[in-house]
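Engineer: The divalent metal cation binding site annotation in Swiss-Prot covers Asp598, Asp670, His808. Residues or ranges marked as domain 'PAZ' in Swiss-Prot (evidence: sequence analysis): 230-349. As annotated by Swiss-Prot, domain 'Piwi' applies to 518-819, with the evidence given as sequence analysis. The 3'-nitrotyrosine feature in Swiss-Prot is assigned to Tyr2; the stated evidence is similarity to another entry. Marked as phosphoserine by Swiss-Prot on the basis of similarity to another entry: Ser388, Ser825, Ser829, Ser832, Ser835. Positions annotated as 4-hydroxyproline by Swiss-Prot: Pro701. Marked as region 'Interaction with guide RNA' by Swiss-Prot on the basis of similarity to another entry: 312-317, 525-567, 754-762, 791-813. Under the heading region 'Interaction with GW182 family members', Swiss-Prot lists 588-591, 651-661, citing sequence analysis as support.
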Amino acid sequence: MYSGAGPVLASPAPTTSPIPGYAFKPPPRPDFGTTGRTIKLQANFFEMDIPKIDIYHYELDIKPEKCPRRVNREIVEHMVQHFKTQIFGDRKPVFDGRKNLYTAMPLPIGRDKVELEVTLPGEGKDRIFKVSIKWVSCVSLQALHDALSGRLPSVPFETIQALDVVMRHLPSMRYTPVGRSFFTASEGCSNPLGGGREVWFGFHQSVRPSLWKMMLNIDVSATAFYKAQPVIEFVCEVLDFKSIEEQQKPLTDSQRVKFTKEIKGLKVEITHCGQMKRKYRVCNVTRRPASHQTFPLQQESGQTVECTVAQYFKDRHKLVLRYPHLPCLQVGQEQKHTYLPLEVCNIVAGQRCIKKLTDNQTSTMIRATARSAPDRQEEISKLMRSASFNTDPYVREFGIMVKDEMTDVTGRVLQPPSILYGGRNKAIATPVQGVWDMRNKQFHTGIEIKVWAIACFAPQRQCTEVHLKSFTEQLRKISRDAGMPIQGQPCFCKYAQGADSVEPMFRHLKNTYAGLQLVVVILPGKTPVYAEVKRVGDTVLGMATQCVQMKNVQRTTPQTLSNLCLKINVKLGGVNNILLPQGRPPVFQQPVIFLGADVTHPPAGDGKKPSIAAVVGSMDAHPNRYCATVRVQQHRQEIIQDLAAMVRELLIQFYKSTRFKPTRIIFYRDGVSEGQFQQVLHHELLAIREACIKLEKEYQPGITFIVVQKRHHTRLFCTDKNERVGKSGNIPAGTTVDTKITHPTEFDFYLCSHAGIQGTSRPSHYHVLWDDNRFSSDELQILTYQLCHTYVRCTRSVSIPAPAYYAHLVAFRARYHLVDKEHDSAEGSHTSGQSNGRDHQALAKAVQVHQDTLRTMYFA
């Protein structure tokens, strides 16, 4: 089962568990990869020339605290001007907007703390701030040079931070900073997304250490902002009114709830006090309209009377409200009862939208932002020219120069693996540009389907019996060709309505039809029925379900039916195809388990829902079949809390499936940012070791821990136009880079394993944080690329290895399992899985998959 020719890997060198507090060190790069044909590329990295000087780091303390960064920057700007003669002279300090200030020459304050008073001219009255400055340290750029050339073991974090602040100082004052990007409203043309939101374009910028050089990573970026507009217009967009005139009555409860959800937390400015445009943050929307909403008003006599908002505006501001039937915004602190009519408020410009975009907004966003690779390359070059870092006075102050041209990189295009099918002819497919097809091929192991049912939740007048009959015939034909014969008609084919009928119907099916293998469920577009089908099928009754959209039943195509068969065969225990055993890397010579792990977090702006951790493990030698484990954990917790128990479950399952104990564990971990590497590695590597030792004291398989990152801004472009692939002109599938733009000393590489269809391909970044198995670069890169070809849902290579992708699917499916029928409205909750006050135990039970589903790939 685990045989195969090829060189034997260095046997794993398990290290004993370190003492707590010991920091694991990622392994050094073993070598550089050599396999594959070379390809000339350009990367959106720009070489920086850094002098070997010291930078002086000071800590600022601004009182009163909690000012936005923008205000802090203004304070520092005023401070530098005001105290030019006494302290700053001709120096141009740079500031991160919080506490850190850097200068190229020391300030004449020695090591003492200096207290200064700074006045900011404000609207109405000036504001006075107290600022203290204290020396922190000397940041040596010489040390950075030593680290980049490998003379120092690790890159000093404080130098990267200092350089980043230098490079960001001017853009932060010119544009709206968001994370590591800068945005600005599009001049003259807006890009509306609907619902009061619009697209802003900008650029991402970060300083990155690489082999021998510091690099500046520059990319185009886009995000959603709220449109600066009157709140009256915002209401119309959110509630789909053509104009406010068509709303002559007060808002209904559901309209008010929807509006509140959108406007809560946003800043508005008032328009009824002339030049005094005070800004407030919205904390709520009143239930009552302005004509009825009262508040306690203190009169001159000292008496307090209840007064309506409409009356107050008429008496105090001589303003008769045009829309007294609309509610008010409650602003500031909830207990203070400050109410503003909608019509005197505007949405403040430059507020980023952190709430989840709707499906329509997301697709509009993608259409607005997708750029072919050559277009993106040109846009980045344009950005570099307009940023002109070499004339930026702050960058020059520190003696930094940035090259204008993108960095030339030599990449390699890896050979795709051969894919083996089954049936009589055991056909072999060879992917071309990451794609192959199943025509004239049969599944490696096809499942025979004897007892199956259809439940149609689409209305009968739209999805008729004729449609169902034709769909059934076509599906049976395609499935027979694919080697997954569906014998006979469905044992049950009925129409149903609404999520409430799912469980009774499924119970009836399970009790009535012995040996029922599959329920095909037809859905009318987006509906809460989907979540309920998966909850009941996966967690309550343990039944295999396959949902199909009504439009794909009304009009069948061989492609959609074939895709359905890929999913059905796997859910029922079949194997679609395998990697050709002779072509697999040597790691397969001994029993090996591939684990994929991911944590998904609830959408921003949602403080209650739990995060969901999922870990999947391979269950055969191909590797094709996987088993899943899933847990709910603390909101926004990135480390997988219960990893030891999850890995233990998967190792037991692997042993039951194969009768082998894996001698190696290859762990692909998705969703970790660089800042969390150390923390995640420390906790999770120990957890995997603990899982092994709990099974057997002496059991110490070699562990390789690889972080997979998709959310980065590295983009690669073909230097030679003839190498470009497809309409979007992307790099070919299999393109790998492990030199020049990668880490100076650690083991990392970029691999673009998929064929880009829309926009510019994003290569995945792999960073090896631990490696007992002593992989060479070639071995790990080939293995990773091959695993990207084992994803069962399609006949193409995907952008990350199948185990990491499956972990993502499992966590995403668990969100549906958490949808609480009793409390969740279908609107907006379809994947949000609200936890509505359910305790941890109830949530944990909700994601627990049924015993019969546990060993299947229900998530496929």
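Quick reminder: no glycine exception, Cβ is built from N, Cα and C everywhere.
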Engineer: Across the whole of the region 'Interaction with guide RNA' (525-567), what does the mean pLDDT come to? Round it, please.
Structural biologist: 98
Engineer: Counting other CB atoms within 10 A of each CB, which of the recorded positions Ser388, Asp598, Asp670, Pro701, His808 comes out lowest?
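Structural biologist: Checked Ser388, Asp598, Asp670, Pro701, His808; of these recorded positions, fewest Cβ neighbours within 10 Å: Ser388.
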Engineer: Which residues, same chain and not among Asp598, Asp670, His808, have a CB within 8 angstroms of the centroid of the CB atoms at the recorded divalent metal cation site?
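Structural biologist: What remains near the Cβ centre is Gly596, Ala597, Val599, Thr600, Ala614, Gly671, Val708, Ile800, Ala804, Tyr805, Ala807, Ala811.
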Engineer: In whole Å, note down how far the CA of Asp598 (divalent metal cation binding site) lies from the CA of Ser388 (phosphoserine).
Structural biologist: 40
Engineer: Give the residue counts of the region 'Interaction with GW182 family members' (651-661) per reduced DSSP state, in the order helix, strand, coil.
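Structural biologist: Secondary-structure breakdown of the region 'Interaction with GW182 family members' (651-661): 8 helix, 0 strand, 3 coil.
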Engineer: Return one of helix, strand or coil for Ser388 (phosphoserine), based on DSSP.
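Structural biologist: Assignment for Ser388 (phosphoserine) reads coil.
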Engineer: Provide the three-state DSSP residue tally for the region 'Interaction with guide RNA' (754-762): helix first, then strand, then coil.
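Structural biologist: The composition, in the requested order, is 0 helix, 0 strand, 9 coil.
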Engineer: Checking the binding-site residues Asp598, Asp670, His808, which are within 10 Å of the residue listed as '4-hydroxyproline' at the Cα level?
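Structural biologist: Within 10 Å Cα-Cα: none.
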Engineer: From the DSSP assignment alone, can you count helix, strand and coil residues within the region 'Interaction with guide RNA' (525-567)?
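Structural biologist: Per DSSP, the residues of the region 'Interaction with guide RNA' (525-567) fall into 27 helix, 5 strand, 11 coil.
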